[in-house]
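Worksheet: the structure to be examined is printed underneath.
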Amino acid sequence: MQLRNILQASSLISGLSLAADSSSTTGDGYAPSIIPCPSDDTSLVRNASGLSTAETDWLKKRDAYTKEALHSFLSRATSNFSDTSLLSTLFSSNSSNVPKIGIACSGGGYRAMLGGAGMIAAMDNRTDGANEHGLGGLLQSSTYLSGLSGGNWLTGTLAWNNWTSVQEIVDHMSESDSIWNITKSIVNPGGSNLTYTIERWESIVQEVQAKSDAGFNISLSDLWARALSYNFFPSLPDAGSALTWSSLRDVDVFKNGEMPLPITVADGRYPGTTVINLNATLFEFTPFEMGSWDPSLNAFTDVKYLGTNVTNGKPVNKDQCVSGYDNAGFVIATSASLFNEFSLEASTSTYYKMINSFANKYVNNLSQDDDDIAIYAANPFKDTEFVDRNYTSSIVDADDLFLVDGGEDGQNLPLVPLIKKERDLDVVFALDISDNTDESWPSGVCMTNTYERQYSKQGKGMAFPYVPDVNTFLNLGLTNKPTFFGCDAKNLTDLEYIPPLVVYIPNTKHSFNGNQSTLKMNYNVTERLGMIRNGFEAATMGNFTDDSNFLGCIGCAIIRRKQESLNATLPPECTKCFADYCWNGTLSTSANPELSGNSTYQSGAIASAISEATDGIPITALLGSSTSGNTTSNSTTSTSSNVTSNSNSSSNTTLNSNSSSSSISSSTARSSSSTANKANAAAISYANTNTLMSLLGAITALFGLI
């Protein structure tokens, strides 16, 4: 991989702003505001009977860019082919012959964000060396880019920073205010500079409290959203507190079709339930809409007006629509909101109780019944009439909409939005950086789960290529290199429709140990660069050193569906590629030892992650003891006894200081005395802030399970 300054990040381009243009922000901060409703009497909700008018119109602009970019990419990919006449047919005046591409980025915390960044960099012609040693131009040729959980941290960062590139992020990586500066965890961003950390968390608490004071329900996901935003939008005022999801449609690079359409995925949770499975309602967010194709909802709403009180899509009060509820950080955090799963896991329930107690201590009016999920209130689909008659109407009957991490249903790859017949894609690149095995490598289970979903109630009208069981994935080495699924359309005719060919690209080791724990919540510059470089190599078969023909094989995968539908002659080089990379239906179902038991949820691993993320104070001591010194009259000096009694944390578990790591520049810090005054004004003491930091360490470690 030849990312500029990949090993010498000290050579930087100064003064270049990566933030989105000024049109990307609305309102005055994180709290939503009230605005007049649209003047026309149209509903804010539509039946999910096809693509929205806005998406359809945007596609016309995007198609013009992808056609040119894809022609250039395929010309390079097939330059050594004996017969390239098919390209002339594909790029004739008939635009329907041009293949359409989607890219899906899996969840997996910072591992997925960084490893996925390397894979995306390999596909981006803005990356130095990507055209010579990678798949440069493939990203420019793609129509859709979906992200889930940690993968959405990647896609959201790129899209809402004015479609910045991984290359630009790398070029600025050693700067203290750079994007993805995660040398210190979001829990303690100042490291040894406690002043900096206190001020950061004062701001976060005040911003979330402002949303509550404005009359909107809040949950732990709001705190998570604001904390994450400092990693993703550091160049924007208050780290993008006023940045909205819908504002992207007003940014030129998106409005003109110069970038893919970003899609993020979250799972719905029925009111009064906690279990999420393949029958969960799958929600997608685009800059235009949010909603679900699933029969349990079958509706979409304009994302710009989320939070508005509606009945069957019509505002209850035409003079009072909500603006700013679709905060970009909140949507990104929604896709990574995994709190409810912790309350179900025996090994994490104690930490969850700690978090619940902490959050209610510092933020007033936190939802008591549903603080473990992302709350969208009022429910934008209240009383809508598009639910399939065979389904319960509980989602549309509820006053609020509850969403959780998009991977909780076992589909850790956001493939469903890309395989919809309405989007008519020919090939989907599935970038899997999950941690399913004992060694934190992907097992292919997310592919298996998406395949199985088409046979569930929620999978009505869905099609996905045949894939093997998880043991076969591992036993046949399908997770050791890219594998193509659905290579022959003639073998898929018994499905609902012919789905896209899926190019599965798993996380594999090349130059760096890319199988970092999902619980790892801080990466220094060297680690970040190593993860990105390894992702680049995983996506390119080691910069083509493992297979010099790999670029051509990717070209074959892209043109395959159109070649079949046109009944055109397949280049002979593609025949060999498909023999090398297509799964041929062979099964090997014997139990694989790599699946003996993933340790993600073990309490020891969580405690270890907390110790890395916070400064060295035992959690049990903090929970059980009174605070002292620098306190204010409004400070709560101890936690409730039921939390302490339920804790099974060892008093010997300490939270080690990581102050030796590089920290945010001290030039931004204020004196301790001025900070103490500010802390008193905000009713947050130094001692309580230490408690806050430690308990937020528990939050961070648990969130790391995505």
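Each residue's number is its place along the chain shown, starting with 1.
Yeah, the Cβs are placed from backbone N, Cα and C, and that goes for glycine too.
Bear in mind that the values here come from a model prediction, so they are computed numbers and not experimental data.
What Swiss-Prot says about this one:
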SIGNAL    1-19  signal peptide
DOMAIN    36-588  domain 'PLA2c'
CARBOHYD  N181  N-linked glycosylation site
CARBOHYD  N217  N-linked glycosylation site
CARBOHYD  N309  N-linked glycosylation site
CARBOHYD  N365  N-linked glycosylation site
CARBOHYD  N515  N-linked glycosylation site
CARBOHYD  N524  N-linked glycosylation site
CARBOHYD  N567  N-linked glycosylation site
CARBOHYD  N584  N-linked glycosylation site
CARBOHYD  N598  N-linked glycosylation site
REGION    627-672  region 'Disordered'
CARBOHYD  N630  N-linked glycosylation site
CARBOHYD  N648  N-linked glycosylation site
CARBOHYD  N658  N-linked glycosylation site
LIPID     N680  GPI-anchor amidated asparagine
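Geometry remark: N567 (N-linked glycosylation site) versus N584 (N-linked glycosylation site), CA distance 21 Å. With respect to N181 (N-linked glycosylation site), the closest of these glycosylation sites in Cα terms is N524, chosen from N309, N524, N584. The shortest Cα-Cα distance between N217 (N-linked glycosylation site) and any of the glycosylation sites N309, N524, N584 is the one to N309.
When the C-alpha distances from N584 (N-linked glycosylation site) to the glycosylation sites N309, N515, N524 are tabulated, the minimum falls on N515. With all protein chains in the displayed structure included, the most crowded Cβ environment within 10 Å among the glycosylation sites N181, N309, N515, N524, N567 is that of N181. Every protein chain considered, the tally of other Cβ atoms within 10 Å of the Cβ of N217 (N-linked glycosylation site) stands at 19. Spacing of N515 (N-linked glycosylation site) relative to N524 (N-linked glycosylation site) is 16 Å (Cα to Cα, whole number). Note on N584 (N-linked glycosylation site): other Cβ atoms within 10 Å of its Cβ, all shown chains, come to 9. A straight line from the CA of N309 (N-linked glycosylation site) to the CA of N524 (N-linked glycosylation site) spans 45 Å.
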